[in-house]
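Remarks on the structure that follows.
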Amino acid sequence: MNIVLLGPPGSGKGTQAKMIADKYGVVHISTGDILRENVRNGTPLGVEAKKFMEAGKLVPDSLLIDIIKDRLAKDDVKGGWMLDGYPRTMPQAEAMDQILPNLGQKIDVVLNIDVPDAELVKRVTGRRMCKCGTTYHVQFNPPKVAGKCDACGADLYQRADDTEETVKERLQAYHAQTQPLIDYYDKRGIVATVVGVGDIKEIFGKVAVALDKI
Ligand code: AP5
Ligand code: MG
Ligand code: ZN
């Protein structure tokens, strides 16, 4: 099964992705995580991407299309993948339509996580991350010991783009550039929308109902 996750910043893509990957055995590919790793390592891609990410703007399409082309050609994704954060613009979606047939792949479902803007700012500004990939929220999903990861004990940190000003920019980019993709895929009848407000496990229950239909 090949899944595209769509949803605004803070909607719970990463949170749900972890549970989806565990249950369905698909490989989780987060373009945000790939970019952040490049920023950390100071690669040419990371140096270029950093200025856009810290301003809450989308990184240029050509860079993202190259990342995805390379990643989907690797052997480990042959059993199914889940894209978290790609595509995010019409040119990225159109590029996927070129790339996938050449790889003998297709998108089976676009899982659209719907959360109102008012909820998103507090989610993003209260988010805490661990280098092992686990995500917390100081209020909505706190770790057992403040500032430490339940899974591995490491210190939690905040993402550089999780400030109130940057979140507003990211929301604007979402509405202008990413939201139109819901219509684009809806015309193919492959969109499943789940309301992403409420208990994290209950939302996963609704996600699983949608995925079990595929
Ligand atoms: P990316 O890393 O993809 O960030 P994003 O889309 O802004 O989404 P987030 O990761 O912020 O949110 P999420 O939906 O994963 O939510 P999470 O589960 O963590 O991209 C970052 C940047 O990289 C972009 O701005 C852009 O610059 C660049 N980029 C990446 N891909 C690109 C592309 N294709 N093209 C161009 N540029 C690209 O949850 C958020 C918080 O809420 C957590 O604290 C969590 O614990 C909590 N939470 C989760 N669910 C619930 C719930 N139900 N109730 C209460 N709290 C909850
Ligand atoms: Mg994420
Ligand atoms: Zn950890």
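Each Cβ is built from the backbone N, Cα and C atoms, and glycine gets one as well.
Whatever TrEMBL says is automated annotation, not expert-curated.
The ATP binding site annotation in TrEMBL covers Gly10, Ser11, Gly12, Lys13, Gly14, Thr15, Arg127, Thr135, Tyr136, Gly198. According to DSSP, Gly10 (ATP binding site) is assigned to coil rather than to any helix or strand.
For Thr31, Arg36, Lys57, Leu58, Val59, Gly85, Tyr86, Pro87, Arg88, Gln92, Arg159, Arg170, the entry in TrEMBL reads AMP binding site. Cβ neighbours within 10 Å of Tyr86 (AMP binding site), excluding its own Cβ and spanning all shown chains: 24. DSSP assigns Tyr86 (AMP binding site) to coil in the three-state reduction, placing it in neither a helix nor a strand.
Cys132 (Zn(2+) binding site) falls outside any helix or strand according to DSSP and counts as coil. Residues or ranges marked as Zn(2+) binding site by TrEMBL: Cys130, Cys132, Cys149, Cys152.
Per DSSP, the domain 'Adenylate kinase active site lid' (127-161) is made up of 0 helix, 10 strand, 25 coil. Taken from TrEMBL, the feature domain 'Adenylate kinase active site lid' covers 127-161.
Residues Gly10, Ser11, Gly12, Lys13, Gly14, Thr15, Arg127, Thr135, Tyr136, Gly198, recorded as contacting ATP, have a largest CA-CA distance of 17 Å. Least crowded of the binding-site residues (Gly10, Gly12, Gly14), judged by neighbouring Cβ atoms within 10 Å of its own Cβ: Gly14. Ligand 2 lies under 6 Å from the Cβ of none of the binding-site residues Thr31, Val59, Arg88, Tyr136, Cys149. Reduced to three states, the DSSP call for Lys57 (AMP binding site) is coil.
Taking the Cα atom of each, Cys130 (Zn(2+) binding site) and Tyr86 (AMP binding site) are about 22 angstrom apart.
Cys132 (Zn(2+) binding site) is 21 Å away from Tyr86 (AMP binding site) when you measure Cα to Cα.
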